[in-house]
Amino acid sequence: MSSRYADDLRLAHVLADAVDQLTTSRFKAQDLEISTKPDLTEVTDADRAAEQLVRSQLARARSRDQVIGEEFGSTGASPRQWVIDPIDGTSNFVRGVPVWGTLIGLIEDGRPVVGLVSAPALGRRWWGGEGAGAWTGSRLSSATRLQVSTVSTIEEASLSYSSLHGWADHELLPEMLNLMQRFWRTRAYGDF
């Protein structure tokens, strides 16, 4: 892959590999510690440990970069910002549902330049970078380029969504339900 951000993308994979090892070891753990954040969402010891792991590796590898994480906020100030959600889909994670993942992104000068989603319980990973395209696979060396679907109408499309609660909270549920009826199929799985 030839891209100005190739090293950052490789680093994102190294970070994801480390987090995957940690999170899969805690997935379905009997001693998983679960608490509730002020916004009433769940957080686990695995969320916090995973973010700390990423932060410590970034401190060594990219010490000048800012880190923005879901669990511990922002540290540093830089035009390069790593954005981390250690376990997107914590509600699924705590219930043993394998639809959760780690989100790692890099923003430079206000523009996203690297992104990676790793879903180890599903054995899937997706990533992309400015000038590098978008890919899927278990590793950089065994990647398949992503491509746009050939589906051209909403009636042929499948819609995946997280929850209807957000639409209701924003008073958009009737519009969403009307739109959903046009799709070939809809499924609700959770986050990421």
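Cβ coordinates come from backbone N, Cα and C, glycine included.
Just so you know, TrEMBL annotations never went through curation; they're auto-generated.
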Listed in TrEMBL for the Mg(2+) site shared with ASP85, ILE87, ASP88, one of GLU70, GLU108 | GLU70
CB contacts under 8 angstroms to ILE87 (Mg(2+) binding site), restricted to the same chain and 6+ apart in sequence, sorted by sequence, are THR23, THR44, ALA46, ASP47, ALA50, PHE93, TRP100, GLY101, THR102
All chains considered, the count of other Cβ atoms within 10 Å of the Cβ of ASP88 (Mg(2+) binding site) is 20
Which is it, of GLU70, ASP85: the one of these binding-site residues whose Cβ has the most other Cβ atoms within 10 Å?
-> ASP85
